[in-house]
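*Asks:* Per TrEMBL, compositional bias 'Polar residues' is recorded for 354-368. For 391-433, the entry in TrEMBL reads domain 'RING-type'. For 354-378, the entry in TrEMBL reads region 'Disordered'. Positions annotated as transmembrane segment by TrEMBL: 26-48, 60-80, 136-159, 165-188, 195-216, 228-245, 254-273.
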Amino acid sequence: MQGIILFLNGLGWTLDMLFLLLDLNYMLVSSVVSVLCWTICFIFNLPWTLTNGILQLWEAVLGFVLMVGDSSCSLALGTVQTLVDALWGCLAGLDSLKLIWNLLCHLLFRSRELIHRGLLNITFSVQTFHRNFWEALSITGGLAAYLVNSLVNICLIAIQNILSAAVALWLSMVNVILMGAELMFMLLSQFSNSAVAVAILLWTPCQLILDGFASLSRGVGIIFYQHLYKILIFLLLAIICRIIFRPSPAVRQFQLKVIQIYRMALVLAWSLLHCEVLRRVIAKSAQIIRMFRIYGATLVRGWNLRRTRIQNPPARPATVQNPARIRERNQVPMREQNPPLRPIQSTVPNRVQNTQPATHIPQASSAFTKRGEPSQDPWKLLKQQEESKKCVICQDENKTVLLLPCRHLCLCASCTEILLQQPVHQRNCPLCRQMILQTLNVYI
């Protein structure tokens, strides 16, 4: 049956390995096919990508040329406008000079007329000459003021035209610089986008390969983790089969040495078992163990006797019968707890049996029977002690302590404290002689 189970397990492992190889083959073939598909797509899309990049570059160059021409035209128009404004200023200056010439001509004609009139009227009135003189002076001042105003206006217009031309030139230069920077940014962004697209296109097959290796390693790890013991057992069986069916010279030599050591051990064990000295040692050890057991039993019985004497002093006539009952109750569990004592005591020498203090118990019981107490059944006494509400040791206080794990409610607090002060091997329940592990106070 075990051979069939091993064969079925080996067949299952073989099928698992075949399925694993098929999965690996499928993953490898699918990864290779996907890599080939991506490579073919990249080769087919490469001319379109290059053509698109060249078209984008050509459009960028045309845009740059158009922007440079536009800025140059705007600069030329600004310069022409500045020159026209300067010419208009000059024409305004010529108009002012023409006006001055006309004024001078008018002044000359007017002065000639005035001179004629003055020469004609000089004789008439000095007051008229004085008025004409001041009129000429006012006209001259007005003409001078007009001339100064015209010159100031010409200068201001010229300065304004020069400043506007400088501002237009500066704006055109700034526009050219900004357009060049924007064009550079566009070219860099185009190149970066193309580079990112190429990187993504080249990274995708690598990522697929890495994902395939990661999934393969994860699957192999999961298989080894779930079937680690099976794999180890399979390898161990394979190694054992290899050693058994095709052992090497070193293995054969090791087998021969093991067989020789086993035979030597059998011979040595047989000689030891049939040795007289070993038999004597075993018999002596058994005798010593029996003596120690008897000595321990005597110590326990002596301690029980002393405890009953302390707990039941002879001054109380009402409780004279209790020590004998307690001793009889203690004797019954000791017989039940240590049944091998009877054959051991029967096998030891007579001098060992004579030293046991257990003979005092029948004497005490016989003494009590001599006083007139009738002998009772120990089990009835044990039942009475369990049903009584007084402590089984002092017979004065009520039972307030529950002993664990035997669950006997038989002691008061003071007797429990005295009992727990004894050594560990003497902390036993008075009713069942079971070791006390824990106590629990009960309030009734």
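Glycine is treated like the rest: Cβ placed from N, Cα and C.
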*Asks:* Below 8 angstroms Cβ to Cβ, which residues of this chain, lying six or more residues outside the transmembrane segment (195-216), approach it?
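*Replies:* Same-chain residues near the transmembrane segment (195-216) but 6 or more away: 24, 27-28, 31, 34-35, 38-39, 42, 45, 49.
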*Asks:* Same-chain Cβ contacts of the transmembrane segment (228-245) under 8 Å, 6 or more residues past its ends?
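*Replies:* Cβ under 8 Å, 6 or more out: 6, 9-10, 13, 251.
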*Asks:* Do we see three or more Cβ pairs under 8 Å linking the transmembrane segment (165-188) and the transmembrane segment (26-48), pairs being at least 6 apart in sequence?
*Replies:* no
*Asks:* Six or more residues beyond either end and a Cβ under 8 Å away: which residues meet both conditions relative to the transmembrane segment (60-80)?
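*Replies:* Result: 165, 168-169, 172, 175-176, 179-180, 183, 186-187, 190.
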*Asks:* Mind checking how the domain 'RING-type' (391-433) divides into helix, strand and coil residues in DSSP?
*Replies:* 11 helix, 10 strand, 22 coil
*Asks:* For the domain 'RING-type' (391-433), what is the mean per-residue pLDDT, to the nearest integer?
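*Replies:* Mean pLDDT across the domain 'RING-type' (391-433) comes out at 86.
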